[in-house]
Amino acid sequence: MSESILIARGVSKVFRGGGLEVPVLSGIDLAVQPGETVAIIGASGSGKSTLLHLLGGLDTPSAGSVTLMGRDFSALGEVDRGDWRNRHLGFVYQFHHLLAEFSALENVAMPLLIRRTERHAALAKAAEILTAVGLGHRLEHRPGELSGGERQRAAIARALVSDPSCLLADEPTGNLDSHTASVVFGLLIERVRQQQVSLIVVTHDQQLAAKADRVLNLNDGILCE
């Protein structure tokens with residue numbers, strides 16, 4: 001089997017405040033293979049988003065470790081961690097977080113421009129992937145001129161434009177009606193498989209989760225098949 005893209009070993013998280021300790025995650029073990037799609041389901045408040053933040057190096061576990069492309073986040077300084085995360089991970093959230101003053105094309109090109117990719121090349125790559133997600137006719141439209149489903153398509157395109165090793169998606173269709181959610185989720189699965197990108201997606205929708213290669217349940221802080 002190929003080397004895992006992302007590995008969590010014994011990951012636990014305890015929130016502390018006001019003299020109280022609130023355990024959220026306990027002994028999470030997870031290994032995601034290249035090109036694999038993994039769905040994590042669980043009730044609201046079960047810690048799904050917390051787990052995704054830990055897997056993405058956006059937060060530090062109370063115990064255990066998270067390794068991305070062979071490097072342990074805990075062994076990296078803040079700058080190196082950010083660079084490694086930006087190089088290998090893409091993120092999609094329930095809310096699109098597109099910048100209102102920029103077009104869909106400019107929003108999707110933004111990660112490449114931040115990396116100092118030549119502007120013409122960045123815009124060409126953004127146009128290519130927007131076309132692939134069905135927005136080739138909406139390149140110059142701003143977020144306010146797009147439907148909810150179109151905004152999420154643009155957010156997916158932005159997350160994939162820099163060819164990440166793994167995509168982390170937190171309820172990416174949670175703000176959409178059921179029909180649009182099914183279409184957008186199907187598109188997400190299709191794009192990551194075509195680009196051979198690993199995907200970890202958090203969702204409460206079991207029907208959507210069933211489209212992934214593997215479905216895991218998070219219950220009482222424990223992740224299981």
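From the backbone N, Cα and C atoms, a Cβ is placed for every residue, glycine too.
For reference, Swiss-Prot has these:
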type	residues	note
BINDING	G42, A43, S44, G45, S46, G47, K48, S49	ATP binding site
DOMAIN	6-225	domain 'ABC transporter'
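In the three-state DSSP assignment, the secondary structure recorded for K48 (ATP binding site) is helix.
On its own chain, S49 (ATP binding site) has D170, E171, V202 as residues at least 6 apart in sequence with a Cβ closer than 8 Å to its own Cβ. For S46 (ATP binding site), applying a Cβ distance below 8 Å and a minimum sequence separation of six or more within one chain yields L218, N219, D220, G221. A coil conformation is recorded for G42 (ATP binding site) in the three-state DSSP classification, outside any helix or strand. Cβ atoms within 8 Å of the centroid of the Cβ atoms of G42, A43, S44, G45, S46, G47, K48, S49 (the ATP site) belong to the same-chain residues H204, L218, site residues excluded. When pLDDT values are averaged over the domain 'ABC transporter' (6-225), the model yields 89.
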